[in-house]
Amino acid sequence: MAKEHICIIYGGKSAEHDVSLLTAQSVINAMDKDKYAIDTIYITNDGEWLKGPEISETIEDSERLRLSHIERLSISEMLNVSSAGKAYDAVFPLLHGPNGEDGTIQGLFEVLDIPYVGNGVLAASTSMDKLVMKQLFATRGLPQLPYVSFLKSEYEAHKDNIISLVEGKLTYPVFVKPANLGSSVGISKCTDSETLIHGIEEALQFDRKLVIEQGVNAREVEVAVLGNDTPETTLPGEVVKDVDFYDYKSKYKDGKVRLQIPADISEEIQSALRDMAVEAFKATDCSGLVRADFFLTEDDKIYINETNAMPGFTKFSMYPLLWENMGKSYSELITDLINLAKERYKDKKNIKYKMD
């Protein structure tokens, strides 16, 4: 049987560039090499696109995927024809953060009419923007913690007023977050005015729009969602931390976080979380995959935190492990996502774009 031609796109002009390399290594190694011919495209930190070789062997070190300058091709040439001279059956973007999971590259795939894994333009962009995401969750009646948002220009013009607004609406501790980054990049836990100002100024290095959320003493539980119009969910898992909060360093470097799968919670709460995860998936018109993150308090109150349209996706990340607990292997999950991409593309092809 002829192999399907899949293009893995990784790297990206983002603070989460190195995370993307780890993800690409993990996915490439897990893909069924008898079923798929795997091409690669590396996007440098400066935004340059480099066409990599077809890969059929195991990648032992993610640094091998950090390509140097090679033959220059146009982006459309890279995306439209595989190394074997055939059109791709699907592209698989493994990009985190701005320019990768925020709808921009998804728009490129749409314009070039290429099947791609994961969420579409609308879902990717709204899931990346924490403020827009919260506004959409509100339309579905999903419970959320109080928050304040503002722009860099507003903070620079009215710093004292912004601080007063935060302290008037929220109580310490609070969490300062760039609106458009993932992997906990730029997030700070703030316990007083001094740390709040420092946290704001740190976060503004990564984004022009910030969200400041009420801190809460709660467990962090997550549900994986997979599908298109009729998504399936997993049992919830829990992020168990040996640190004050789950930042970039504890996620990827220190090993101070462990995942409990499934989470030790009642069947009633499990069911409620899974239902809310589907509501969140639908609120942002998602497809393919999403990880829905929640806070669960001691008195069993549930608050949705966010949806992640391109969740951590190494073999040891929460999303694949949640599915492994449900009996779906990492390799099978990748195959399912590719098939969902082709299914969605086929459905779009049946849409009329002109009147008879």
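Here the Cβ of each residue, glycine as well, is placed from N, Cα and C on the backbone.
Here Swiss-Prot flags 134-339 as domain 'ATP-grasp', drawing on sequence analysis. Marked as ATP binding site by Swiss-Prot on the basis of sequence analysis: 167-222. Here Swiss-Prot flags D293, E306 as Mg(2+) 1 binding site. Among the features that Swiss-Prot reports, Mg(2+) 2 binding site is placed at E306, N308.
When averaged over the domain 'ATP-grasp' (134-339), pLDDT in the model lands at 92. Counting Cβ atoms from all protein chains shown, K209 (ATP binding site) has 20 others lying within 10 Å of its own Cβ.
The two recorded residues, D293 (Mg(2+) 1 binding site) and N308 (Mg(2+) 2 binding site), show a Cα separation of 8 Å. Cα to Cα, K209 (ATP binding site) and E306 (Mg(2+) 1 binding site) are separated by 16 Å. In the structure as shown, the Cβ atom of E202 (ATP binding site) sits within 10 Å of 14 other Cβ atoms. Neighbour density at the Cβ, taken as the number of other Cβ atoms within 10 Å, is lowest among the binding-site residues V174, V216 for V216. Secondary structure from DSSP puts D293 (Mg(2+) 1 binding site) in a beta strand. Remark: of the binding-site residues S188, T195, N308, the most isolated position is T195 (fewest other Cβ atoms within 10 Å of its Cβ).
When other Cβ atoms within 10 Å of the Cβ of D293 (Mg(2+) 1 binding site) are tallied across all protein chains shown, the result is 21.
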